[in-house]
Amino acid sequence: MTRYVIGRLGGVVVILLAVCLFTYLIFFKLSPDPAVMICGKTCTPERIDSIRDVLGLNQPILTQFWEFLQGIFAGRDYGSVHCSAPCLGYSFQTNESVWSMITARLPVSITVAVGAAVLWLLAGVIGGLISAIKQGTWWDRTAMALALGGVSVPNYVLALVLQFVLVVKLQVLPFPSAPAFADNPLLWFESYIMPWTVLAVGYACLYARLTRANVIDTLQENYFRTARAKGLSRSLVLRRHALRPALTPITTIFGMDFAGLLGGALITETVFGLNGIGKMAADSIAKNDQPVIMAVTLLAAFFVVIGNVVVDLVYTTLDPRVRVTSS
Amino acid sequence: MTADLFVVEDLTVTLPTGRGPVDVVKNVSFTVGRDDTLGIVGESGSGKSMTALAVLGLLPRGAETSGSIRLEGKELLGRSERELQSIRGNAISMVFQDPLSSLNPYYTVGLQIEEMYRAHRGGSRRDARKVAIEALERVHIPDAGRRIDHYPHQFSGGQRQRIMIAMALCCSPSLLIADEPTTALDVTVQAQILELMAELQSTTGTGMIFITHDLAVISSIAKRVLVMCAGDPVEYGTAEQVFSDPHHDYTRTLLDAVPRIDDEVAS
């Protein structure tokens, strides 16, 4: 088991380095000259040269990449300015340290992701479970029709409709402003409930359909029939012999979805004006702010890769058949 | 009176299908006594398994049953789900065909035996564990005290079926229904399992219904035989009588279909 974990973590490092290299090449080599962008409108050739010099743009690309990596782990110097580790450079637009931009916005994205995940897991799994048990009834058909509809509604449409109805027309919720929980718990909840709902709807519908399909499959399993033939109570049969086998594959999908969201919910954060990683990504792309784009991409890749490993490790504890072959 | 343990009379099972209701079991009657084994033979789809599932009330949704099923004089048809739960696994136990898929891969075999024992007898986990270890020892699983914490995929096919049998017998049922218990196993393991079942029956006195399509297996274990074809009971009698002097064409066809190594020796 320990060897397995070490092997997986080694793989993570390799993947992250590869992602680093690719994003670096794409954003720093294929996009407009950063020096020209930083220099702005009142620019002279001499200034461009000195900016190039400070950013190290005159050096070979691999040297530049090496310095970028060094910056992340050991810090680096831009001319007279020292950027301490982990250094992801400075925004071309605001000159702010990219690392501090991330640490300031990450809590918002995490709050959005966690809240949405709780909602969609509860709604999706419970809805799918009831549908499976009441297969073919009006509840099942209604729930699955709603789920199909829910999956089909784009996030931004739902977000705008909710804001228009709840904030503008009915005025039951304030406009989302991402306050700290400690300052005003009620306002915090009221601010986040719409983004949570908007993000959760699509996932909940998907999870409801998945849960339903998995549970129905499990109800056909021979071991489910054995459990009934053993005379166990209905609730024990369902809980132990249907739910656990049916939900185990869902943890895999959940891990990946959740990890993906930690890297920022681009559309939802932008529509609600929440200052998270997703909105930062959207803004930086619009303004071609390369260090920020680069950092956001790396962060998303980091979460997805780590999420993948966590899911695999959790899976080995959930499914004994995997556990034994992996050790 | 050996025939008093279990009585089935005029059992008919009707399943709803896209083209209207179909009788998959038609007017089947038989009895099983204590320490007695009834073999039910027939090809796939002849209604053997449906008969067994009807006894335990485990038929697919929408199925209808009529007739009478009595265990020790008490009618089982028309009982509530809760009453049936207390009978399943307790008074009537069942062993299924494929032991790997019939055991839940997510739980240790110990837990799967313990949960059944506790569902019917209650008591602490500790006591149930003791019973489970004894049950595994009874079916000759070596090192039962350690193996009880293993998962089904860590056992061989024959051992898995032994575990299923151990589980089925842990509450000392008066009737055991074995639905093709040896079909998924290779021939040597098959022989061991049959031997084990005969051995356990002689010590517990459990009545047994043995369902199979394999006539060789039936002839070695059953005292009486019911032959089924397309839901109809076509022949019912002692094993000797059915095998040596079959009355029905279908039984004769079945018997002729068996390649017999002892043909020349017997004749």
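Don't overthink the numbers, they just go from 1 along the chain as shown.
Using N, Cα and C of the backbone, Cβ positions are placed for all residues, glycine too.
The domain 'ABC transmembrane type-1' annotation in TrEMBL covers A:106-315.
Marked as transmembrane segment by TrEMBL: A:9-27 (among others).
Per TrEMBL, the feature transmembrane segment maps to A:108-133 (among others). Residues 139-140, 143-144, 147, 178, 192-193, 195-197, 199-201, 203-216, 219, 238, 243, 246-247, 250, 254, 257-258, 261-265, 268-269, 274-278 of the same chain sit 6 or more residues outside the transmembrane segment (A:108-133) yet have a Cβ under 8 Å from a Cβ within it.
Listed as Cβ neighbours of the transmembrane segment (A:145-166) (distance under 8 Å, sequence separation of 6 or more from its ends, same chain) are residues 127, 172-173, 175, 194-195, 197-199, 201-202, 204-206, 208-209, 267-268, 271-272. Marked as transmembrane segment by TrEMBL: A:145-166 (among others).
Residues or ranges marked as transmembrane segment in TrEMBL: A:186-206 (among others). Same-chain residues lying 6+ beyond the ends of the transmembrane segment (A:186-206) with a Cβ under 8 Å from its Cβ atoms: 111-113, 115-117, 119-120, 123-124, 127, 146-151, 153, 155, 158-159, 162-163, 166-167, 173-174, 176-180, 257, 261, 265, 268-269, 271-272, 274.
If you look up TrEMBL, you'll see A:246-272 (among others) marked as transmembrane segment. Tertiary neighbourhood of the transmembrane segment (A:246-272): same-chain residues 108-110, 112-113, 116-117, 121, 125, 132, 155-156, 159-160, 163, 176, 194-195, 198-199, 203, 207, 210-211, 214-215, 217-218, 278-282, 296, 299-304, 306-308, 310-311, 314-315, 318-319, selected by CB-CB distance under 8 Å and a gap of 6+ residues from either end.
What TrEMBL lists as transmembrane segment is A:292-315 (among others). Tertiary proximity for the transmembrane segment (A:292-315) is limited to same-chain residues at least six positions away from its ends with a CB under 8 Å from its CB atoms, namely 5, 8-9, 12, 15-16, 19-20, 23-24, 27-28, 88-89, 91-93, 98-99, 101-102, 248, 251-252, 255-256, 258-260, 262-264, 277, 280-281, 283-285, 322.
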